[in-house]
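Student: Annotation source TrEMBL lists ATP binding site at GLY161, THR162, THR163, ARG164, PHE165, GLY166, LYS167, THR168. Taken from TrEMBL, the feature compositional bias 'Basic and acidic residues' covers 382-394. For 143-333, the entry in TrEMBL reads domain 'FtsK'. Feature annotation from TrEMBL assigns region 'Disordered' to 382-404.
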Amino acid sequence: MLEWMIPLAVGTLAIVTKAPNKSDRKKIETIMRNVNYGVRKTKGEEETFLYPTYKKKQKLFDGYNHIGMRYFYTIPLGLPATKLAKMEKEVKVFTDGLQKPVEVAYKKGLLQFSVYDEEIPEMFPYEALPDKEGWFAPIGKRFDGLVWHNFDHVPHMTVAGTTRFGKTVFLKVLMTYLIEHHPDDIELYLIDLKGGLEFGPYERLKQVRRVASNAEEGALLLTEIHERMERMYRYFRTNGWTNVIDTPEQKRIFIIVDEAAQLAPEKWMTKEQKDLLGMCQYFLGEITRIGGALGFREVFCTQYPTADTLPRSVKQNSDAKVSFRLPSGYASQVAIDDYGAEELPSDIKGRALFKTHELREMQVPYISDKEMKARLKQWEVKNHDPHHAPKNEEQTGEDTFYIR
């Protein structure tokens, strides 16, 4: 009879830390024995345990820098996949025991323990970011290197987090990096529902097409975008195109919404107010539903992730999810479809979780308002009015250009 055993890891730390000179490999194996991570085999009255067996190790590198070691183990026959998944989630047992960052994964028939030498940094400056070609944006720094997001592969993103934990700074990092690396190919629509306090100072940049600072202005902005999407959709059909990345077009249109909870209808509002906000949410959902293939990229940011403030259509069509610290497990579930954001450290601003096909913790880059303004000042246009940006080529006098 075979039985997979995973009891609670009571006393693991006490046993492991008595042998401080043990190698990381030996500590991993000690922890597996102490918590009975194995298969119990019973034959008559005789009972034995079969544990994962060490196979090999591999050095881990971030570029040219050695950052840790990966240990590979074969597993006993009869070990259910569900138990392996549980083991990956209980990685804290190994992190505490080794006093190092540890990741556990089961790949290609082997149990893998990745042990890293350094913790996630508590601050990572924007100036340390390298250049990267393509529509990549930096998400954060981990113990295994930088994490990037490719907006051409996953066009839409949601961002959540309690105030003062780095949410708006993260949006400014995205905006700064994308402008610096695509100054002639990016257009920005900014909906800053803090009254324009955060993004208003950047409205004179040539890349900023329109800025909205309240719900009424947001409705006008989103109406313009929706009309523009319809024109582009017709143009794509005429040319037989299905995705912007397979066309000659280089431009991308980013819609960044900060404090999107302000666009959620409330019971006490008038019918006109509810209709206005409902229209805004509908347009935001349409951008994520059909806009990605046309070159639109939506970054939807909210402080209060609930079913009302994070519309279902936006969430379902945004496969990249970032969350800073949140007050509850429920809010974390809404934001990233998983627990964890409520457990992020309360004393480290900029610490976040990034959810795509996996969930990763990281420190997002930090940029001050002073540095951001200095970096972007070269693209200021004196007579540029983002509140009255032309809607089409007839108003501009320019040659027809489909993304207009």
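Going from the start of the chain as shown, residues are counted 1 onward.
In case you wondered, yes, glycine gets a Cβ from its N, Cα and C as well.
Predicted automatically and left uncurated, TrEMBL annotations should be read as such.
Each of these features: where is it, how hidden is it, and who are its neighbours?
Tutor: Following the DSSP three-state reduction, the secondary structure of GLY161 (ATP binding site) is coil. Close to GLY161 (ATP binding site) in the fold, though at least 6 residues off in sequence, lie LYS167, GLN303, VAL322, SER323, PHE324, ARG325, LEU326, ALA341, ALA352, each with a CB less than 8 Å from its CB.
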Student: Within 10 Å of the Cβ of LYS167 (ATP binding site), how many other Cβ atoms are there?
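Tutor: Step by step: centre on the Cβ of LYS167 (ATP binding site), count other Cβ atoms within 10 Å, giving 24.
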Student: Can you list the residues of the same chain, besides GLY161, THR162, THR163, ARG164, PHE165, GLY166, LYS167, THR168, whose Cβ falls within 8 Å of the ATP site's Cβ centroid?
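Tutor: Same chain, not in GLY161, THR162, THR163, ARG164, PHE165, GLY166, LYS167, THR168, Cβ within 8 Å: GLN303, PHE324, ARG325, LYS349.
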Student: Can you tell which of THR162, THR163, THR168 has the least company, meaning the fewest other C-beta atoms within 10 angstroms of its C-beta, among these binding-site residues?
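Tutor: Least crowded of the binding-site residues THR162, THR163, THR168, by Cβ count within 10 Å, is THR163.
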Student: Tell me the Cβ contacts of GLY166 (ATP binding site) under 8 Å, same chain only and six or more apart in sequence, or just say none.
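Tutor: Same-chain residues close to GLY166 (ATP binding site) (Cβ under 8 Å, separated by 6 or more) are PHE324, LYS349, GLY350, ARG351, ALA352, VAL364, TYR366.
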